[in-house]
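Only one structure is covered here, and it is reproduced in the block below.
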Amino acid sequence: MAPTLALLLLCQLALYTAVTSKRECGRPLLRDGMDINELQRVYSPGDMVVLSCRKGYTPTSGARTIVCSANGEWTQSRLKCLRGSSTTYFICFDKYSNVIAYRYTLQGASTIECLADGEWTEPPPKCLPLTCGLPPIPAYGKIVYDSLFYGNTVVFGFGVSYQCLPPLALIGNERGMCSANGKWTEPPECKLVTCPPPKNISNGYITTIVKREYGYMDTVRYGCNVNYVLDGPVEVECQKTGDWSQNPACRAPCTNELPKGYYMRNHWPSKTLHEEVITFRCINMEKMCGYAVSTQCIDGKVKFPKCLEETNVRAHAYQTRWYTTVSHCQHTTHRRPNQLPK
């Protein structure tokens with residue numbers, strides 16, 4: 001029985017040694033300025049402790065968690081708690097797009113510091129929308145708002161349109177906007193603008209009643225004598241600059257005088273009006289054929305085309321026979337009005 005009892009005691013001793021081989025950890029040694037979330041006398045292997053910095057200290061980067069190991073030692077942490085201040089900078093961001101929100105402004109300090117006693121130098125600022133008061137109304141003018149609003153302020157970017165009471169002219173910006181500095185863009189002025197009597201035009205006339213003085217946006221209408229064509233608008237307007245919008249002119253027709261050796265493809269009218277297209281038939285005496293060339297009447301003058309083959313007196317004398325009997329030249333080009341000779 002003695003050997004059996006000795007063996008039993010030996011097994012119990014080995015079991016006790018195996019169970020108690022894992023050592024407990026005491027309180028962790030904390031560096032200057034550190035603290036822990038839960039304080040105990042002893043910690044079992046595997047227990048975890050979270051480190052933090054005391055009031056008045058600033059944490060640096062590093063793991064804040066340590067663990068009690070099986071040998072009774074705590075794992076290491078690189079966390080350091082530095083005494084002194086930290087600076088925090090504030091800027092307004094759009095919570096939807098995560099970009100700087102220029103439509104908002106900081107109310108309060110943009111930079112605050114954490115002091116050694118754990119207090120901030122200033123309370124955190126707030127991001128408030130940029131706003132403007134109501135825009136000033138120009139004298140003798142009115143404002144049209146882009147959209148409805150409530151109260152006596154509008155947000156940054158809000159726009160308006162300016163108008164003047166007739167017959168005053170709006171001088172300046174027709175549009176206004178609430179700027180980032182809380183002020184409106186420069187408003188316009190409403191001024192009385194007059195234009196002198198419109199000029200008479202050669203070979204033309206004014207169809208409306210002529211006055212000594214014309215106001216802003218007053219109009220007059222022009223007309224031309226028979227066979228003359230108006231070059232420009234029929235109606236002109238007094239502008240805010242005090243000038244008329246345009247000065248039209250009456251362009252002269254072209255007469256039926258033709259140089260020797262030129263022939264009309266169609267009947268030559270007594271007069272051709274300004275900018276009308278005229279088609280000539282040139283005669284190539286060497287090949288005994290004809291070809292068409294177009295030109296244009298410009299203010300009483302015709303730029304006659306230069307025939308590729310010079311005609312002579314004989315061709316001119318028999319122009320009727322040439323026109324009816326001479327065939328069209330092959331491989332020739334009929335010039336369009338936009339290709340007319342200069």
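Keep in mind that glycine also has a Cβ here, set from the backbone N, Cα and C atoms.
In TrEMBL, Cys195 is paired through a disulphide bond with Cys238, chosen from Cys238, Cys250, Cys254.
Cys68 is paired in TrEMBL with Cys25, the candidate among Cys25, Cys53, Cys81, Cys92 named as its disulfide partner. For the pair formed by Cys238 (disulfide bond) and Cys25 (disulfide bond), distance between Cα atoms is given as 98 Å, rounded to the nearest Å. Summarised by DSSP class, the composition of the domain 'Sushi' (193-252) is 0 helix, 24 strand, 36 coil. If you draw a 10 Å sphere around the CB of Cys238 (disulfide bond), it holds 24 other CB atoms from the protein chains shown.
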